[in-house]
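*Asks:* Pasting in a structure now, in structure tokens, and then I'll have a few things to ask.
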Amino acid sequence: MKNTMYRYFIVALGSIIMGVSINTFFVQHNLLSGGITGIAVMLYYLFNLPIGITSFILNIPLFFVAYRYMNREFFIITLFGTATFALALDMLSFLSQNTYVQNPLLSCVAGGVLSGIGAGIVYRVGGSTGGTDILGFIVNKYYSISISATGFIINVILMAFGAYLFGLEPALYSMVLFFISFKTANLFADGFDYKKNFIIISEHSKEIGAAIIQVVGRGVTYLHAEGAYTHQERMVVFVVVKLTQVAQIRNIIKEIDPYAFVIIQDATDVLGRGFTQASSKQKLQNDQKKV
């Protein structure tokens, strides 16, 4: 319960930070945000529609997709994050009445860093503020295309459309802002596009492994090991997960065996089912084997 409250608090805090960033640094220079929020910002520039409520309405179809394809916990925290972000955007809209930084490039830097911090801490606890995050999670789950790659493609299209409507210069500034925000978010999320591997030594290895398979949906490998000092045989749990699943794994270990010995390491270039898409040749060979 305490951990759940902490996660929701961090999601709310990250949403508020992003709301401050957009109202303080984006709007004054016609800068665009990414994803669904970027569309809402664009509609604000064109028709003076409130960014927050517009963003929430645009997210409604994605809620149905998230409810159908993602687990209940992710759906609830995404709904909460989206609502909090929308509320923060509109309640803090008074900040957009003043221009705090006259130089658009400095606004890009400040806005990118601030919004990146907000997004990064949300991702760190496995949260989401909706929009392309939902599409990214789903595409990643079923097609093993990274969340950042999906978001990047969508945002490039959005920036191109923004260049057509508002001119090339604001769009180029927005690209700079997006890049800074993306890098900052990765930094604060401890490498959002990277994977983590867990090595877990516990008296309850099988219970932990079974819980990871059931709750997180990740494959687990049991390694037979022997203590060099005690010569006691132990079963070691080895699992590789996405960064957004790290918090879930930690909670599982803490609930089953708080005294477990756990090593968490960065993992890059993870190849295999569930992480990177197999080549056409590999798929053909697999299909032939099945036949």
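Backbone N, Cα and C define each Cβ position, glycine as well.
Automatic prediction, not curation, is the source of TrEMBL annotations.
Per TrEMBL, domain 'DUF2179' is recorded for 218-272. The transmembrane segment annotation in TrEMBL covers 7-27, 39-67, 74-95, 101-123, 143-165, 171-189.
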*Asks:* Which range wins on Cβ pairs under 8 Å with the transmembrane segment (74-95): 7-27, 39-67, 171-189?
*Replies:* 7-27
*Asks:* Would you kindly check 7-27, 101-123, 171-189 and say which stretch has the most C-beta pairs under 8 angstroms to the transmembrane segment (143-165)?
*Replies:* 171-189
*Asks:* Which one of these stretches, 7-27, 39-67, 101-123, has the most C-beta pairs shorter than 8 Å to the transmembrane segment (171-189)?
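*Replies:* Highest pair count goes to 101-123.
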*Asks:* Kindly state the mean pLDDT of the domain 'DUF2179' (218-272) in the predicted structure.
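*Replies:* Mean model confidence (pLDDT) across the domain 'DUF2179' (218-272) is 89.
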*Asks:* What residues elsewhere in the chain lie close to the transmembrane segment (39-67), defined as a C-beta under 8 angstroms and at least 6 residues from its ends?
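*Replies:* Apart from its flanks, the transmembrane segment (39-67) reaches 19, 22, 26-27, 30, 32-33, 74-75, 78-79, 82-83, 85-91, 93, 130-131, 134-135, 137-138, 158, 161-162, 165-166.
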